Structures are given as C-alpha cells and as structure tokens.
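Features of the protein shown, as given by Swiss-Prot:
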type	residues	note
SIGNAL	1-23	signal peptide
DISULFID	51-120	disulfide bond
DOMAIN	66-389	domain 'Peptidase S8'
ACT_SITE	92	active site, charge relay system
ACT_SITE	123	active site, charge relay system
REGION	160-179	region 'Disordered'
COMPBIAS	170-179	compositional bias 'Polar residues'
DISULFID	206-244	disulfide bond
REGION	240-259	region 'Disordered'
ACT_SITE	334	active site, charge relay system
TRANSMEM	421-441	transmembrane segment
C-alpha cells in the first residue's frame with residue numbers, strides 16, 4: 001500500500017511540474033536555408049479593395065510638437081545625430097514618396113510590375129515618416145532620424161489578394177492578403193543586399209503554438225541580414241485581435257523560466273527571433289503598456305504607440321485612419337517599432353563601429369527599465385534616445401547568442417578500389433558459405449542425437 005501511495009504522489013508531482021503541452025523554446029536558425037534574392041510576389045496578385053487614405057482627428061493642432069516627440073526628447077537627441085549617412089529599409093506596404101518622406105525604390109513583393117513606391121494602405125508611408133520624416137516650418141512634426149536614406153520595399157497589402165482560392169487561411173504562408181512569411185524572408189535578404197544598415201519590419205504574423213508553421217527561410221534570412229550583412233532589424237511586437245491572442249504572463253513559481261517561454265500560447269513572427277531582432281511593444285501617453293500590445297518573452301523595448309502623428313501621402317500631418325464610425329486615432333506597435341528603427345539609425349551614425357548586437361545593447365541598456373528590470377510588455381523598458389546617444393556603457397558582445405542548427409561535417413568516402421572490394425566480397429561469400437555448412441552440420445548432428 002505504501003508503494004502505491006508513493007507511485008501516486010510521483011505521478012501527481014509529474015503532472016503539476018511538467019511544462020504545458022504547448023511549451024516552446026526559442027526558434028532554431030538553419031543558416032543554410034537563405035532564400036534567393038528575388039523580388040515579386042509568391043503568386044500573381046490583384047487589387048480587390050480601394051486604397052486607404054489617412055485622415056485627421058477633429059480639432060487637431062499640428063503646430064505643436066506631437067506628444068511622442070516630447071516624451072522621447074527627439075529634438076534634443078538630434079543634437080547628437082540625425083541619421084545622416086545611414087540607410088533604413090522599410091519593409092511594409094510601400095511608401096508614397098514626398099519631399100518630406102523622400103523614400104527610394106527598394107523592390108515590390110506584392111505587384112510584379114511595382115518597385116515599392118506605391119502605397120495603397122498608408123501604413124508604410126506613415127511608418128517611414130516616423131522613422132525619417134523631414135521637418136517643415138508649418139507644423140511641429142519631425143521623424144526620429146530626418147537625415148536617413150529611406151528604402152521602400154512593399155511586401156504586404158490588405159488591398160491586394162492572391163488570385164484564386166486560398167489553401168489554408170490559418171497559415172501565415174497563405175494569408176488572405178498579399179504577403180507571406182516566404183516573401184518576407186526574401187524581402188529581408190533583398191534589403192540586406194541593398195546595403196540597409198537598419199531594417200524596419202512593422203508586421204506581425206500570429207499563430208498558436210499548437211500549430212507550427214515552417215519559418216525556416218525567414219529565420220535564415222534574419223540571420224543572414226544580421227550576422228552576414230551587418231543590419232540591425234527592428235520589428236513590431238504585434239497588436240492583439242484576430243489571430244493575435246494575448247499571451248499569459250510568466251509563472252513566478254518557475255524561476256528557471258523568468259520570461260515565460262513555457263507559458264506562450266501565441267507565437268508572433270518575426271518578433272520571436274529576439275535577440276537577433278529588437279522587438280518593440282507600445283506605450284500610451286501615461287507611460288504604461290498599451291492594452292493592444294502583444295506580450296511575450298521576446299519583447300526587448302517599447303516606444304510610444306497611441307494617439308500618434310505622422311505624415312500622409314502628400315507629406316502633410318495626419319493622426320487617424322478611416323473607420324466605420326469615423327476617424328480612428330493612429331495606434332499600433334508598428335509605429336512604436338518605427339521610433340526604435342529611427343533611434344537605431346541615430347546610434348549607427350554616432351557609433352559607426354558598433355555591430356547590430358551592440359547597437360541593440362546600447363538601446364536596451366539605456367532604456368527606462370520597468371520594475372524588476374525587464375518584463376514581457378516593454379522588455380528592457382521605454383527607449384531613451386538621449387541616453388542611448390550619450391551614456392558611456394560597455395559595448396557588449398559583438399554577436400547575439402542564438403541557437404543555430406548544427407550541420408554535421410560531410411563524411412569522407414574514399415575513392416573505389418576494385419581489387420580490395422572484390423577480395424572482401426569473395427572473403428565474405430566464403431565465410432558465409434562456411435558458416436552455412438557449419439549450421440547444416442550442426443542440424444544434422446542434432447537429428448542423429
């Protein structure tokens with residue numbers, strides 16, 4: 001009876017101490033799976049929706065500086081760097097260029113005939129403006145790094161859809177809109193090969209941990225851009241809604257997993273490729289994490305993402321998008337990431353010898369840390385551009401630690417030598433024959449006995 005009780009107790013302990021069925025580990029990179037450097041969509045697309053146009057909230061006053069600029073002390077930071085000489089690639093919905101957002105064509109992965117300089121969603125244009133929008137005497141807006149060189153790569157668009165029926169609406173590789181994990185991987189490689197020193201990806205694909213997606217090419221592309229070409233990659237943490245269900249917080253009773261990898265229920269990509277990428281969450285004007293900002297053990301920093309101001313197609317200030325019931329304020333981790341990409345460009349200009357990992361280290365080490373030093377909503381904290389550009393801190397490791405798929409060395413196979421091989425075959429046949437004769441003899445002896 002005592003043995004049975006011990007066995008029951010052991011089973012109960014195993015049940016309560018075992019990680020959840022969906023527990024995951026950080027992704028593993030297959031460095032040899034880099035996709036080809038090719039533009040164009042995965043399959044032919046067509047436009048099925050009219051283009052969106054950003055708008056303005058009632059009673060807006062653009063003469064004053066946006067709250068995010070003051071919160072981040074952007075004007076003070078620009079005394080130390082403005083992004084001059086740094087190239088930032090914006091992988092997004094494209095950019096409609098203007099004198100205040102003078103982007104250059106970087107490639108189109110939505111329309112085979114495009115070059116990246118057409119934006120039917122406004123998202124890419126507004127993202128690019130927050131990164132590197134130029135100032136104007138008529139309003140108070142200026143981007144984080146107004147002297148950067150902007151490259152526009154159109155990789156997604158809700159206005160375009162692949163021709164024909166979709167195979168799997170739950171797979172980010174077969175989404176209802178133009179753009180996929182595969183085309184994102186190709187766009188990362190293309191941006192890196194164009195010489196981008198900072199790559200902004202204000203996109204997020206969410207899926208449940210119980211339904212794994214093949215991201216081999218994306219992981220390889222990110223590793224290639226960072227560790228081979230030397231680009232800093234900044235990505236959005238993602239917004240809750242649709243496929244993006246909020247992740248639970250870490251379990252304090254499991255100190256061996258302080259960031260809560262075992263609690264993750266929703267994977268966000270490319271956000272979960274931290275620390276190769278810097279994943280950015282959103283805060284509001286009160287400095288608190290935004291309700292819509294996806295959390296996860298991969299979040300590295302945070303920046304303003306609510307009630308923002310940017311520039312529209314014509315280079316004029318906008319702060320809303322059209323909604324069913326009127327204008328909707330400009331919110332989202334997409335724009336939080338844009339602020340951090342701009343800061344990465346400033347750091348790159350001021351400290352040109354730093355590696356991507358060291359630039360990320362400088363941004364996170366000088367951030368306004370939350371209680372406890374780090375959490376899954378704001379990571380190391382809200383960025384502090386002035387501190388990132390002025391504090392004296394250790395550079396940190398040249399490369400970020402990351403799990404890479406180990407490929408065994410090729411096995412040496414000597415050239416064929418017919419003589420020895422023939423001898424071995426003959427000897428083997430002779431041995432087999434001898435063994436066979438011996439077996440027959442033993443059977444005969446047993447029968448006689």
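Each residue, glycine too, has its Cβ placed from N, Cα and C.
Close to residue 244 (disulfide bond) in the fold, though at least 6 residues off in sequence, lie 204, 206, 238, 266, 268, 294, each with a CB less than 8 Å from its CB. For the disulfide-bonded residues shown (51, 120, 206), fewest C-beta neighbours within 10 angstroms: 51. Between the CA atoms of residue 51 (disulfide bond) and residue 334 (active site, charge relay system) there is a gap of 19 Å, rounded to the nearest whole number. Under the DSSP three-state reduction, residue 51 (disulfide bond) is assigned to coil, being neither helix nor strand. Taken residue by residue, the region 'Disordered' (240-259) breaks down under DSSP into 0 helix, 2 strand, 18 coil. Take the CB of residue 92 (active site, charge relay system) and look out to 10 A: across all protein chains shown you find 29 other CB atoms. Among the listed active-site residues, namely 123, 334, the Cβ with the most fellow Cβ atoms inside 10 Å is that of 334.
Taking the C-alpha positions, the distance from residue 92 (active site, charge relay system) to residue 334 (active site, charge relay system) comes to 10 Å. For the domain 'Peptidase S8' (66-389), the mean pLDDT of the prediction comes to 96.
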